[in-house]
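**Q** This structure is in structure tokens; I'll ask about it shortly.
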Amino acid sequence: MGSQEVLGQAARLASSGLLMQVLFRLITFVLNAFILRFLSKEIVGVVNVRLMLLYSTTIFLAREAFRRACLSGGAQRDWSQTLNLLWLTVPLGVFWSLFLGWVWLQLLEVPDPNVVPHYGTGVVLFGLAAVVELLGEPFWVLAQAHMFVKLKVIAESLSVILKSVLTASLVLCLPHWGLYIFSLAQLFYTTVLVLCYVTYFTKLLGSPESTKQQTLPVSRMTDLLPSITGSGAFLNWKEAKLTWSFFKQSFLKQILTEGERYVMTFLNVLNFGDQGVYDIVNNLGSLVARLIFQPIEESFYIFFAKVLEREKGATLQKQEDIAVAAVVLESLLKLALLAGLTITVFGFAYSQLVLDVYGGAMLSSGSGPVLLRSYCLYVLLLAINGVTECFSFAAMSKEEVDRYNFTMLALSSSFLVFSYLLTRWCGNVGFILANCFNMGIRIMQSLCFIHQYYRESPHRPLAGLYLSPVLLGAFALSGGLTGVSEVFLCCEQGWPARLAHIAVGVFCLGVTLGTAFFTETKLIHFLRTQLGVFRPADKTMCSKMH
């Protein structure tokens with residue numbers, strides 16, 4: 001499979017993932033607004049911070065390293081060994097679920113049962129849900145490696161929709177169930193998700209005439225189960241060693257990703273009610289970031305991992321692949337920078353309005369608006385970091401990954417310290433400031449790697465971080481106008497004034513996007529050719545983009 005074809009498949013996966021993320025987040029957005037009317041903020045805090053942290057930590061530690069290792073490299077591999085390696089996520093998940101469940105029940109503060117009932121059952125069911133999801137890991141990796149775009153979209157969309165319907169129904173009919181509602185819904189979600197993948201592959205492998213079936217390295221469902229390969233080796237030890245390197249990295253990355261929740265959970269800097277409010281604002285702040293950046297990062301990591309060979313520098317790679325990778329990286333950096341700046345500039349002037357509409361005075365008063373404005377700045381750094389690490393992790397050799405782990409270790413330690421100190425000094429905003437500091441360090445490290453990687457080649461993908469002065473002026477003008485509009489029109493003057501404030505923002509956004517359209521022509525061409533309708537026969541893409 002050529003680099004152009006891989007690029008087209010990755011672009012389709014990103015655009016489909018983008019639509020899927022929009023659906024997920026819109027459903028969650030509405031669901032949270034609905035739940036706030038029926039449940040206490042203490043229950044929301046325990047579920048969204050304490051129990052979801054248990055679930056995400058178990059999942060992340062058990063599978064993240066395996067995913068990255070098994071999706072790296074080309075098509076020349078013994079898939080039976082790769083599948084054997086992936087099945088190890090299940091016992092690893094059982095171990096982490098039991099260990100972390102014990103920590104959550106025995107070492108952490110237990111909520112007041114009169115305010116948050118059924119906490120123990122919630123811990124058990126969330127841990128069980130994590131293990132159930134890991135049962136589908138071999139199917140997920142096989143589908144991702146072969147770019148089964150629609151399968152992921154349908155499976156995750158169906159799971160989220162059914163989970164949301166079940167949660168809303170139970171909240172409406174049985175609100176006194178408390179944590180039972182969310183625990184059962186989470187277990188139901190993972191079960192439906194795994195069943196979707198199993199059902200799809202069962203039907204696909206049962207149809208030998210299918211063209212997709214002919215491209216798979218397995219011919220029947222039993223081939224997906226653990227087995228001894230023809231060479232007698234149960235695992236590919238090179239792949240296993242790479243997994244261990246990524247595991248050390250994933251442990252540190254999890255601390256950085258969920259650091260504020262670990263500080264809240266283990267150091268008790270906020271009560272459960274404040275945790276609930278913080279999590280709601282945090283979800284609002286990350287809404288657009290996860291809608292746009294996460295599917296792009298996941299999809300183009302697969303692209304870079306397939307096109308680039310580890311252990312080889314840019315001069316030793318196929319020059320056509322290096323050129324395509326450089327063009328894609330430059331375009332993704334430009335896209336991330338523009339999206340992040342748009343969110344930062346307009347988010348500052350519309351944070352209070354969004355919180356007031358979404359949650360009322362509980363969110364729009366106090367530290368809520370300041371928290372969301374700070375998060376808008378963090379989103380800019382998050383966007384750039386997602387792209388730079390996406391490329392770096394795909395191109396790094398095992399030794400470079402190990403060296404990166406040492407930096408992540410120091411970064412993780414400093415992050416926890418900064419989170420604790422800044423939260424004591426600044427309140428909730430301290431979590432965002434600590435995240436910004438650490439994200440900035442991670443970006444600098446990835447930028448240094450990319451600069452070194454392309455140093456001896458004619459390509460300069462980091463040019464994607466430069467914007468035209470005209471576009472920067474448009475952003476500055478929009479920020480000033482919307483800021484003045486907020487002062488005079490938002491948010492105590494009633495809905496006519498609010499609508500006028502929104503109209504000012506729409507006008508400024510239109511002017512800014514129009515300026516970007518006429519100044520960033522290379523990016524517009526990339527979006528049209530790759531994230532629009534991809535044509536594999538178009539062999540002149542790179543020359544046009546250059």
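Placement of Cβ uses the backbone N, Cα and C atoms for every residue, glycine included.
Automated prediction, rather than curation, is the source of TrEMBL annotations.
So TrEMBL says this about it:
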TRANSMEM  22-39  transmembrane segment
TRANSMEM  45-62  transmembrane segment
TRANSMEM  83-107  transmembrane segment
TRANSMEM  119-141  transmembrane segment
TRANSMEM  153-172  transmembrane segment
TRANSMEM  178-200  transmembrane segment
TRANSMEM  322-350  transmembrane segment
TRANSMEM  370-394  transmembrane segment
TRANSMEM  406-423  transmembrane segment
TRANSMEM  429-450  transmembrane segment
TRANSMEM  462-479  transmembrane segment
TRANSMEM  499-518  transmembrane segment
**Q** With a Cβ cut-off under 8 Å, give me the same-chain residues at least six positions beyond the ends of the transmembrane segment (45-62) that come close to it.
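**A** For the transmembrane segment (45-62), the sequence-distant neighbours (Cβ-Cβ under 8 Å, at least 6 residues beyond its ends) are 89, 92-93, 96-97, 100-101, 104, 108, 111, 116, 119, 122-123, 126-127, 129-131, 133-134, 179, 182-183, 186, 247, 250-251, 254, 257-258, 261-262, 264-265, 271-280, 283.
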**Q** Which listed range (83-107, 153-172, 322-350, 429-450, 462-479) shows the maximal number of Cβ pairs under 8 Å with respect to the transmembrane segment (499-518)?
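**A** It is 462-479 that shares the most Cβ pairs under 8 Å with the transmembrane segment (499-518).
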**Q** Which stretch, 83-107, 119-141, 153-172, 322-350, 406-423, tops the Cβ pairs under 8 Å count with the transmembrane segment (370-394)?
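**A** Most contacts with the transmembrane segment (370-394): 322-350.
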**Q** For the transmembrane segment (119-141) against the transmembrane segment (178-200), do we get 3 or more Cβ-Cβ pairs below 8 Å once near-sequence pairs (under 6 apart) are dropped?
**A** yes
**Q** Between the stretches 178-200, 322-350, 406-423, 429-450, which one has more Cβ pairs under 8 Å with the transmembrane segment (462-479) than any other?
**A** 322-350
**Q** Test of understanding: applying the rule of at least three C-beta pairs under 8 Å (pairs 6 or more apart in sequence), is the transmembrane segment (153-172) touching the transmembrane segment (178-200)?
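**A** Contact criterion met.
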**Q** Any residues 6+ beyond the ends of the transmembrane segment (83-107) with a Cβ under 8 Å from its own?
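**A** Distal contacts: 50, 54, 57-59, 61-63, 66, 69-70, 120, 123-124, 127-128, 130-131, 134-135, 137-138, 141-142, 218, 223-227, 229, 234-236, 239-240, 243.
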